[in-house]
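Below is one structure, written out as structure tokens, with a few remarks after it.
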Amino acid sequence: MKRPNVLNLTCPAIPVVRIGFVGLGNRGILALERYMHLEGIEVKALCDLRKENIERAEHILREFGRPEAENYSEEGMWRKMCECKEIDLIYICTDWLTHTDIAVYALQQGRHVALEVPAAMSVADCWRLVDTAEETRRHCMMLENCCYDAFALTTLNMVQQGVLGEITHAEGAYIHDLRKHYFADEKAGGYHNHWIKLYSQQHTGNPYPTHGLGPVCQWMNIHRGDRMEYLVSMSSRQAGLSAYAGQVFGASSEEAAQSYEMGDVNTTLIHTAKGRTILLQYDVTTPRPYSRHQTVCGTKGFMQKYPVPCLLLDEYGKEPLSGEQFERMMEQYKHPFTAVIGEEARRKNMPNEMNYIMDYRLIHCLRNGLPLDQDVYDAAEWSCITELSERSVRQGSVPVEIPDFTRGNWKER
């Protein structure tokens, strides 16, 4: 018997979404602060191994006049939190390697799940998420905020309305100079003696693909009429962190002697079933300007956010639009999420508009019994690139097949 899929999954509406937060470090505490500005939510539980993180979270609840939440601060207590029937949504902001275990258990207890990026670090764990979401008929959304970037949403709107013609190629990336963070204390937001640094010492490929890939997959309707079939990945040698450590701490320092498997720059090429291509890059250890590329090529036009926003349309000639003409097109095709929810974020002086839109949309869909903007197949498809890119790199950049997590149902969209 064929397993029912969860494409366009709807669940009963939840008038007030009761949330349990697990992982209250830097990213988790920021998420909790954002949720203080949303209507229709109640924070029921807080879970973290560090009591000081729990105390910070409790202070935030008091500051915003929210009811006191149950706290879970002992090893393994996240399971007990997931079992609580007074919680509708488990919001996961732990380290990368524990995302899947917590998400799977929460789904099995009947909870909906929102989990930080990447959702999983292996293909096997991607399948666990998909299988469990299908078995339990519960939402599992990876919190890919870059899909709610204003330029990305405008691009999506233009693609869906055919302004750029037939899409043939797109590019995404996570390029962010984080060298100083690799040697800074965790309390200062750094990765020294931290699981992120350890991962870079043991792995290669692209460990953080979803910021660049998420918007691209939405532009290309991945698993909604097309799918990613295979990839080829290549990494440069590692030099950036070693050179930085030598300059800052000295050539004979312990920091400069540390070794890393992760190359400075990873480039992955992806081929889709419809013959389209995706270029995906990862670089956090060279002195480059921040970029996610956000590039899309079509038969009628071209858009790119970085290094500067660019829109070229065939009907307007061979030069990119500029000045009032560019602004007029961007305003004309501004996505409703940006126009309405983004404007609300600005009125509330929220520091990050795309995070606010992401949070708002998740809660709005749960409260109204609607399908989520990102489903478990998105989470699996975008996250599986972590293992598959490493596999390709270690085998001399051979092509590696990308699983069809929808089991053929992508053709029906």
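Residue numbering: from 1, along the chain as shown.
Every residue gets a Cβ built from N, Cα and C, even glycine.
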Listed co-binder of substrate (same site as TYR174, TYR208, PRO209, THR210, HIS211, source Swiss-Prot) among TYR72, TYR91, TYR290, TYR316: TYR290
Fewest Cβ neighbours within 10 Å, where candidates are the binding-site residues TYR191, TRP195: TRP195
Assigned conformation of VAL117 (NAD(+) binding site) - DSSP reduced to three states: coil
Rounded distance in angstrom between the Cα atoms of HIS211 (substrate binding site) and VAL117 (NAD(+) binding site): 8
In sequence order, the binding-site residues (ASN26, ASP48, LEU97, HIS99, VAL117) whose C-alpha falls within 10 A of THR210 (substrate binding site): VAL117
VAL117 (NAD(+) binding site) versus PRO209 (substrate binding site) - Cα distance in angstrom: 9
